[in-house]
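*Asks:* So TrEMBL says this about it:
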DOMAIN    1-423  domain 'Major facilitator superfamily (MFS) profile'
TRANSMEM  35-55  transmembrane segment
TRANSMEM  62-82  transmembrane segment
TRANSMEM  88-109  transmembrane segment
TRANSMEM  121-144  transmembrane segment
TRANSMEM  150-169  transmembrane segment
TRANSMEM  246-268  transmembrane segment
TRANSMEM  274-295  transmembrane segment
TRANSMEM  307-340  transmembrane segment
TRANSMEM  370-388  transmembrane segment
TRANSMEM  400-418  transmembrane segment
């Protein structure tokens, strides 16, 4: 449910931006417009890094509850904004809650899921982002048609309702078993203790023993240590996670946050642009994310990611062509580009980015890895949101799309040559494996077996 709120809140600002540029309820310029769109992303950087670090030290559960309380309060305050500067400030703090949940929800889910279904578990988390985004555009459309000058306030405030409901539900959830076992003093659990934990969370005693073995191997690493993320083996993995995710988010948010505005420049009406944005998230984006649920543990992360980046590169090329085509042709090409971008993008890197950030680092660093990766990519997303109006105003939208095309081609090539496969490995095996290139292919090699894992 946390990703539903993330999808809702990061998409709902598109509704407000459309109202802002159409009806001008607040005084603004291209500079402040950029900050309105990007404020939550900038806040997400802070929230993800801080909450991710503390989650590795004090546990996932309590922060998992607090972050949505924070989110709900500032979502309501955003709806009550009286000027553009209040909106920017409140959206910044909404971003804290969004970023925190990025660092907590997927980590908690994957740590509690059986390893053979881990990809599907994370995939389900990601599908709720598309549902949330679709809900934002659906609700935004209804209120836009009733009264756009007031409706945007209700659209922003409604995000607090599912947040409050989710807080209540999360109070009944246990602590992550993997983090719980890694607490000091729990490496000497009795057979009775192992039986109790295995029954409570639905995993085997062998799984728990593997978690404890990981703890003993990683005793020299301080929980939540940011420096450990950049040293040796883990430094290589962090570089892979950050680089490919930065490229994805620049394109993903550069297009997604401005989808209604891009559509209107192609010749689609303002109200219809919201309906199309709804369709791109639901059902197109949802179906792509659902495809990841079905295929993550069958085909693997790496081929889906390469497919996704390749598809997004094609979509960016189509956006570039549409921006210069005559109106009727441009609309057709542009809509097709959105379908490819949302569908194939969610099937591939939209899903695999977070999954890699979770899988490639050990339990002691997992939330910090997800938080750090989310944080740095929110900065990239903020830059994309910030630069779109400026580049569009000075060089034209076609230049922006051409830049994104180049980045997606780079991301595709990077995946082929540097991103390893994690399908079929437990989180503990991945933590103990070595990242190497075998015949030019990136692999994770288990020290016990001394053989390649794909």
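Glycine residues also receive a Cβ, built from the backbone N, Cα and C atoms like all the rest.
Automatic prediction, not curation, is the source of TrEMBL annotations.
A quick note: this is a predicted structure, and the numbers were derived from the prediction, not measured.
Each of these features: where is it, how hidden is it, and who are its neighbours?
*Replies:* Beyond the transmembrane segment (121-144), the same-chain residues lying 6 or more positions past its ends with a Cβ under 8 Å from any Cβ of the stretch are 1-12, 14-15, 18-19, 105-106, 109-110, 112-113, 150-152, 154-155, 158-159, 256, 270-271, 274-275, 277-278, 281-282, 285-286, 288-290, 292-294, 296, 346, 350-351, 354-355, 358.
Residues 1-2, 4-5, 8-9, 12, 15-16, 19, 25, 65, 68-69, 71-73, 75-76, 78-80, 97, 136, 139-140, 142-144 of the same chain sit 6 or more residues outside the transmembrane segment (150-169) yet have a Cβ under 8 Å from a Cβ within it.
Within its own chain, the transmembrane segment (246-268) is flanked in space by residues 10-11, 13-15, 17-18, 21, 37, 41, 133, 274, 276-277, 280, 309, 312, 316, 319, 322-323, 327-328, 330-331, 334, 338, 341, 345, 349-350, 353, 376-378, 380-381, 383-385, 387-388, 397, 400, 404, 407-408, 410-411, 414, which lie at least six positions past its ends and keep a Cβ under 8 Å from the stretch.
Here the transmembrane segment (307-340) has long-range neighbours at 247-248, 251, 255, 259, 262-263, 265-268, 276, 280, 284, 346-350, 352, 396-398, 401-402, 404-405, 408-409, 411-412, 415, meaning same-chain residues at least 6 beyond its ends whose C-beta is under 8 angstroms from one of its own.
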*Asks:* For the transmembrane segment (88-109) and the transmembrane segment (400-418), does the number of C-beta pairs under 8 Å, pairs 6 or more apart in sequence, reach 3 or more?
*Replies:* no
*Asks:* Out of 35-55, 62-82, 274-295, 400-418, what stretch is closest in contact terms to the transmembrane segment (370-388), meaning most Cβ pairs under 8 angstroms?
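*Replies:* Highest pair count goes to 35-55.
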*Asks:* If you average pLDDT over the domain 'Major facilitator superfamily (MFS) profile' (1-423), what do you get?
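*Replies:* Within the domain 'Major facilitator superfamily (MFS) profile' (1-423), the model's average pLDDT equals 89.
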*Asks:* Give residue numbers and ranges for long-range contacts of the transmembrane segment (400-418): same chain, 6 or more residues beyond its ends, CB-CB under 8 A.
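*Replies:* Result: 240, 243-244, 247-248, 250-251, 254-255, 302, 305-306, 309-310, 312-313, 316-317, 319-320, 323, 349, 387-388, 391-392, 440, 442.
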